[in-house]
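Everything on this sheet refers to the single structure shown next.
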Amino acid sequence: MAIFTKGRTGAKAPYFGLTGGWLTFWVSVACATDMTLFGYDQGVFGGVIVTPDFLDTLNLSGPEHTSLLGTVTALYDVGCFFGAVAAFSLGERLGRKKSVLLGTTVMSIGAILQISSFSVAQMIVGRIVAGLGNGLNTATAPVWQAETSKAAWRGKLVVIELILNIAGFSLSNWITYGFSYVNGPVAWRFPLAFQFIFIFILYGTVPWLPESPRWLIAHGQVEEAEHIIADLEATTVDDAYVVTESKEIQWAVQYERENGVSWWDLLRGKSGNGTSTVRRLLLGAGAQAMQQLAGINVTSYYLPTVLIQSVGLSEKLARLLAACNSVSYLAFSMIGIPNVERWGRRKMMIYASIGQALSYMLITILLRYNELPGYSGSKQVASASVAFFFTYYICFGIGFQGVPWLYPTEINSLSMRTKGAALGTASNWAFNFMVVEITPIGIQSLHWKFYIIWTVFNASFVPIVYLFYPETADRTLEDVDRLFRENQNIFVFRDPDAISAKRPLAYIEHEQAEVRRNSSVVSANPEAIRRRMEALDRANKEVDEEKGAKVLEQE
């Protein structure tokens, strides 16, 4: 990692003099903190709603209040949905940094309302307000990360963010478990207040970090964007790679302006000339919808409730197992960091879907026997079902936790990236609300049959991803634009360039030619050019080796 490289001639070094890997690191810290806060917020209420003092204070005790309790929990997701929708316009108008700061401020207000709540009405308002801020943040942070990261790092960094999302979820489970041994309002008010730790970190990092250079170029601030690209690459603005990158983004912006479509045109059924706008929006939103229809928030919000009502465990044991499960979830999700680029987005989603479907199928079968009248081994099968809640989380953590958040930021064009990420996030929260709203009633009325729903959904994702979802691993964002300009077929499984986990050779050769051409017309940094060309040559060689290995396998 390079630091203190002079990127702006004659000017005081911004970002405390940090450039290159260290600057990317601090952008990642801010984005990861945002997603950790999201995970904490998502998990903490599952422990709060089984706390006796909370139920007594808000008069939510008893089965007759099950529906209302589900609504109070789920209205957070309604706020998140509208916060993500607000990112459609606000995110593009304010930029990535200001959107995150606005979302964090709104979350702070919502948190205060929840912490000080003595009535259902105030808790509902607090949940919705906090959700508005979180929706805006979760629609923005992955985009900001993707647009300030190198192609080789982008997938890993966004997956790390989502792993820290799981860390936040795990932390909330352990905090609520620990405070379950404490009597009185502190048992639930302190866990809700703890989220301010993350809010303070966001206020301390986001203001001094760089804006997205792609957003700046889209808004006519080309010079500022080139300085930021140079700072992120730890080089100078006259470097051939910086010039090439800037020109590629400017070309993409101009192409989108000439061929893109407005929201009004999209609503009237019109699509862009060669930009595949609607298809790309649907792919991004579909990935987010699949994440929720996989059934993760049946257990993220309600695992203690599920273990108490479906499995028959005590409150303390259910809380402890939920906390232990969150640690397992966190540990296995780290497998996704090295493999998100190696396996690619498609394989990770397909493999995870198979594991998730099998886990829910076994949960369904075991709980069926647990509830079978007169069955002598009901206690044993109920205990066995707990293991498959763990395996479900393992599969989800490896393949489905990070990719659906990463995919909309990669698949959409520059002019639609904020809107596409916002639409994807809104889709996530809409289905999240549905799942969280129906789960308490579903468990209470359908019993073991409730889990058949999630088995079927997970099994259906395998053919959907295989047929329709192109690979985005190891591509620049401009490579993805090129894919959709050149490939208008919605079925991608027969196109090697669309499904390969390695960057297609044609894209590598195009970038090599552009870097060479720009290095001859600008006063460039020879060392930076050499490094970039060596990296492209290595990528070229890897593609050739992969093709050779496939030929040998076929022979």
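Indices start at 1 and increase along the chain as displayed.
A Cβ is built for glycine as well, from the same backbone N, Cα and C atoms used for every other residue.
The following features are taken from TrEMBL:
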DOMAIN    27-473  domain 'Major facilitator superfamily (MFS) profile'
TRANSMEM  68-88  transmembrane segment
TRANSMEM  157-176  transmembrane segment
TRANSMEM  188-209  transmembrane segment
TRANSMEM  349-369  transmembrane segment
TRANSMEM  381-400  transmembrane segment
TRANSMEM  420-438  transmembrane segment
TRANSMEM  450-469  transmembrane segment
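For the transmembrane segment (420-438), same-chain residues at least 6 beyond its ends with a Cβ under 8 Å from one of its own Cβ atoms are 70-71, 73-75, 77-78, 80-81, 83-88, 91, 131, 135, 138-140, 142-143, 280-281, 284-289, 291-293, 295, 297-298, 301-302, 404-405, 407-409, 411-413. Long-range contacts of the transmembrane segment (450-469) within the same chain, counting only residues at least 6 positions beyond its ends with a Cβ under 8 Å from a Cβ of the stretch, are 283, 286-287, 290, 293-295, 298, 345-346, 349-350, 353-354, 356-357, 360-361, 363-364, 367, 407, 439, 442-443, 490-493. Under 8 Å from some Cβ of the transmembrane segment (188-209) lie the Cβ atoms of residues 14-16, 23, 26-27, 29-30, 33-34, 36-37, 40-41, 44, 47-48, 51, 53-54, 97, 100-101, 104, 107-108, 111, 114-115, 168, 172, 175-176, 179, all in the same chain and six or more residues away from its ends.
In the predicted model, the domain 'Major facilitator superfamily (MFS) profile' (27-473) shows an average pLDDT of 85.
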